[in-house]
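> First the structure, which I've put down as structure tokens, then a few questions once you've had a look.
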Amino acid sequence: MLIRARAHAKVNLHLGVEAARPDGFHELATVFQSLNISDVVSLETLEDSTPAAMTTGPVVQELRASGTYAAGVPENDKNLAWRAVEAVADAVRGERELALPKVRLQLEKGIPAAGGMAGGSADAAAALRLAAHAFADFGAVSEEELLTLAARLGSDVPFTLIGGTALGTGRGEKLAPMLSRGTYTWAIITNAEGLSTPAVFAKIDELRAAGKGSHPTMDTSAVAQALMSGRPEALAKVLRNDLQAATLSLRPDLRKILDTGMAAGALTGIVSGSGPTCAFLCEDEETAGEVVAQVMFDNKGTRGIVTTSPAPGIEVI
Ligand code: C5P
């Protein structure tokens, strides 16, 4: 059996970050929106039900990454998608010592890796849904259970599972769908050099301890209101990312990218999540194309994608 799912990237329209909690995670108030940039995740179960095709141990045999952004994607059990399939297998087995089909995974990467766009999380969300499908004859995993497994895998995994537009609280895993009217056009600028999410969160703590960081902005009502208007100019005025100062302090080169994009006509530009990807909200596709061209011309190692939001969650195709 070969099944496939489309997994979408995300942008944080608002990212409010409080101080670190005792467990090391930061309390967030964030507005997620899915982007029409996607990976395709394929899950193949070894055919027939011979003992050789089944196992009571780890089920994933192989993971391969291909496509534009495959470089640097781990092809082993460090990959969240790999761990997602094993998590579903464990959930299906429960206390039973149950033989399940062995599995191969393929990731076609259209989402930049280590970019602050939840590419790895989206792959994991797709793998959760596909594995639940593939093992359905052996035991059901409820939607609620899938969301619990998703949250255990990573803070962004639950959102990439449901997609659309949502308010995320807790460490980002507690979700409430939000209304969003219309379509928004973006120029997304990726970077050859990735950035570590934990390093960015550590930097915001350091800046704040030195009295240099901004106060947490946990009120998301301005974004909620702008999304209901459906007007990109209204949304542009209220985009907010508390991590941006920390990201720019680690990567001062991004400042020039933000400036170039603004000069090229974007309504506004922000760092996406923990970065280094920058997201420019634009009035229309033509302007977004100009932003991409100008930024790529002026900044070595950047690549641009014109896209829209919102997009759906995991879709089996
Ligand atoms: O949950 P996830 O594994 O994606 O988080 C990666 C890292 O980002 C965490 O280990 C932590 O350092 C940081 N993080 C955080 N607060 C959050 C989410 C992530 O400090 N709400």
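Keep in mind that glycine also has a Cβ here, set from the backbone N, Cα and C atoms.
Pulled from TrEMBL, these are the listed features:
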- LYS10: active site (ACT_SITE)
- ASP156: active site (ACT_SITE)
- PRO112, ALA113, ALA114, GLY115, GLY116, MET117, ALA118, GLY119, GLY120, SER121, ALA122: ATP binding site (BINDING)
- 79-164: domain 'GHMP kinase N-terminal' (DOMAIN)
- 224-295: domain 'GHMP kinase C-terminal' (DOMAIN)
> Quick check on the domain 'GHMP kinase N-terminal' (79-164): DSSP residue counts for helix, strand, coil, in that order please.
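Going through the domain 'GHMP kinase N-terminal' (79-164) residue by residue, I get 47 helix, 9 strand, 30 coil.
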> Using Cα coordinates, what distance in whole Å links LYS10 (active site) and ASP156 (active site)?
9
> Please list, in sequence order, the residues in the chain of PRO112 (ATP binding site) that are at least six apart in sequence and whose C-beta is under 8 Å away from its C-beta.
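Set apart from PRO112 (ATP binding site) by at least 6 residues yet with Cβ under 8 Å, we have TYR69, GLY119, THR190, ASN191, THR277, ARG303.
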> Measuring Cα to Cα, how many Å separate ASP156 (active site) from ALA114 (ATP binding site)?
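Between the alpha carbons of ASP156 (active site) and ALA114 (ATP binding site) there are 13 Å.
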> If you run through the domain 'GHMP kinase C-terminal' (224-295) with DSSP, how many residues end up as helix, strand and coil?
42 helix, 11 strand, 19 coil
> Which residue, of the binding-site residues ALA114, ALA118, ALA122, has its CB surrounded by the fewest other CB atoms within 10 A?
ALA114
> Select the most exposed residue of GLY116, GLY120, where exposure means the fewest other Cβ atoms within 10 Å, treating these as the binding-site residues.
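The binding-site residues GLY116, GLY120 were compared, and GLY120 has the fewest Cβ atoms within 10 Å.
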